[in-house]
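Have a look at the structure below, then the notes.
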Amino acid sequence: MTSPSERLVNGRPLRIGSASWLLRLRSAAVALILLASVAALMALTMRIGDIPMSVPEVFQAITGDGSNHFVVMELRLPRALTGALVGAALALAGAITQAVARNPLASPDILGVTGGASVTVVAITMAAGATTGGASGPLAEVGIPLAALVGGLVGALTVYLLAWRRGMDGYRLVLVGIGVSAVCTNVKYWLLTVGDVNDTGKAMVWITGSLNGRGWEHVVPVSLALAVLIPLTLLGTRSLGALRFGDDTVTGLGVRMNLARGLMILAAVLLAATATASAGPIAFVALAAPQIALRLAGVAQPPLVVSALVGAALTTAADLISRTLFSPVELPVGVVTAVLGAPYLIYLLIRVRRKARS
Amino acid sequence: MRLQAVDLKLGYGDRIIVDGLDLGIEAGTVTTIIGPNGCGKSTLLRALGRLLKPSGGEVLLDGKRIDRMPSKEVARILGVLPQAPTAPEGLTVADLVARGRHPHQTWYRQWSSDDESAVSEALSMTGLLELGDRPLDELSGGQRQRAWISMALAQGTDLLLLDEPTTFLDLAHQIEVLELVRRLHGELGRTVVMVLHDLNLAARYADRLVAMRDGKVIASGTPAEVLTEGLLAEVFDLDAKVIEDPVAGTPLVIPIGTRAHPPS
C-alpha cells in the first residue's frame, strides 16, 4: 500500500536499514538517456578531422592499435572529453549559482570568474606578444590556463568581497556581479583595442571559448576538479534545495545559511574557473543547462546530476555543429553556444517578465 | 518555561527597536503578541526563533542559550513560519511540506518512513492531501498559507512560532487557520507563539496575550486581564468599549475612535 505522501512526492523510497533515499524515477531515466546521448555525440565528433572516420572506425581505433589509434587517443578523445567535462562543470556551476541567487537568469558570469579570467588571459597574451612574439609552446599550454584560473579566482574574490554585507544576499550578489563583469568587459576591449592585431586574434579565439587543440593536459585538471567537487556538491544538495527559500525559512529549517551559501558559491567558482581555464569562457552553457535539466526532469529546481549531463551534451553537440556547419572551416565552440543561447536567454527574460506582470 | 527572553535588546543596524525586554513562554500555551504597527512584535518573534541575532541579552530555549545550540537541533524543537515566506517557483505543495523534514535528515537518511508519515499527517491536518501535487503558485491565498503551516507541522516541533499567519486571508480563512492552531494545541499539546493583528481573534484563540508598545511589554496575562479599555488606550491610542464575546465569552473590542481624532 502506498501512503498518500509517497504518491505525492513523486519518487520511490529506497530504504536500507536506517539509511533512506528518495529515488526520482523520471530524473534517473533522464540521466541515463543523457549519458547515452553524450557518449553518442562524443563518438560523432571523433569522426571529424584530417582523416575522416566512421563511428565503427573510431571504436576500432580506440580498441585496436592501428594507424588511427594515435590520432583518436591523443587528439580526438581528449578534445571530446574536454568538451563534455567542461560542459558538465559549467552546468553544475550554473545550477549552484541559480539556486544561491534564487534567479533562473543567473550564471557563473556574475561570480566574476569569466570576467577575471578573460581580462587576465587577454592581458597576458598582449604582454607576451610584445616580448616573446606570441603565447606559444609551454606558455600557451600551462601559462594561459594557469593565468585564466588565477584571474577567475581573483575576479570571484572581488565580487564576493564587494557583495558581502554581514551575510550574502542573492540579489546584491547579482548586482555586484553584473557590475564587475561590465568593468572586466571594458578593460578587456580596451586591451584588445590597443594591442597588436595578431595577438588580438589569438586572444579573441580564447575569450570566445574553443576546444581546438585540447589534449590530455586539459582533460586531467577538469577531471580532477570534477572528481573532487561533484561528490562535495552532491553532499550539499539538500542545503542547496533549502537555500532557494527566503532567508527566514532557511534559518528556520536549521541550515547555517551563510556557511552553506559560502561553500556552495566556492564550489561553483572552482568549477567555473577550472572549466574556463581549460576551454575559455564558453557562453550560455551554465545559464541554459540547469533550466533545460529542470524541465526534462519535471522538478521545480535544477537537479545537479541531470544539469551536469545536459551541460556535457550541449557542449558536445555545439562542438559537433561548430565543426560540421561550415566544414572544413571550424568555428570556436563558444560561437555556436552563444548563437543557440541568445534566443534562449531572450525567451527566459520574456517568461520572467510575464510572470512578474501576472 | 519553554522559551525565555532575558534583558533582550534588538535592532537592525543602528536602529534599536526593543531594549531590555523580558518575556517567558510557558509550555503548552498559545501566546499571542499584539501591539500597534512598528511596536517590535515581529522583531521579537524573529529573535525568539533565532532568525534575528540580539544585540544584547539572550534567548533561552528550554533553559539553554539558543544561539549556542546547533541550528539543526533548534530546528527539531522549534518551527518558525515567517511573515510572507517565499518559495521557488513551480514547487508543489507536497515538495514544500516535505522540505519541513530537513532538520531530521542527513545525506544518508533522506526519506525515512518517519518523514513520510509526518508529511502525510501534516497534509491531512491542513486538508491539503488533494492539492499535494499542485504548484504552490496556483493556490489561493488561504490554501497557500495552509501549505506553509503544513510545512511547519511536518517539521514535527512542539514549539511553533507563527508571524501573522492570517495576513491576506478573508475572515473565514482566518478562522480556519486559527482553529487549526487551536487543534495543534488541544490535540497535540504544542506550544504556539504568534503575532496577530485582529484583537478579537487574538482574544478568542489565545491562552495568553502579550501587549507591546515601543519595544516594551506593557501587559501580559489572560485575554480578560490584558484587553481592558485602559490598556487599549495606552497601547493603541484607541477609545473602545470592551464587552463579552457572545460566542466565546472572551473580551470583544468595539472601537469608538482614535484618541488623536475623537468622534465629534
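In case you wondered, yes, glycine gets a Cβ from its N, Cα and C as well.
Looking at A:110-130, A:299-319, the stretch flagged in TrEMBL as transmembrane segment turns out to be A:110-130. Annotation: stretch A:80-101 has the most Cβ pairs under 8 Å to the transmembrane segment (A:21-44), among A:80-101, A:218-235, A:331-350. For the transmembrane segment (A:218-235), the partner stretch with the most Cβ pairs below 8 Å, chosen from A:110-130, A:170-191, A:263-289, A:331-350, is A:263-289. The transmembrane segment (A:331-350) shares the most Cβ pairs under 8 Å with A:263-289, out of the stretches A:142-163, A:170-191, A:263-289. The stretch with the most CB contacts under 8 Å to the transmembrane segment (A:80-101), chosen from A:110-130, A:142-163, A:170-191, A:263-289, is A:263-289. Between the transmembrane segment (A:170-191) and the stretches A:110-130, A:142-163, A:263-289, the greatest number of Cβ pairs separated by less than 8 Å involves A:110-130. Taking Cβ pairs closer than 8 Å, the transmembrane segment (A:263-289) reaches residues 82-83, 85-87, 89-97, 99-100, 105-109, 111, 113-114, 117-118, 121, 145-146, 148-149, 152-153, 156, 160, 168, 205-211, 214, 218, 221-222, 225-226, 229, 232-233, 236, 239-240, 243, 307-308, 310-311, 314-315, 318, 332-334, 337-338, 340-342, 344-345 in its own chain, all 6 or more past its ends.
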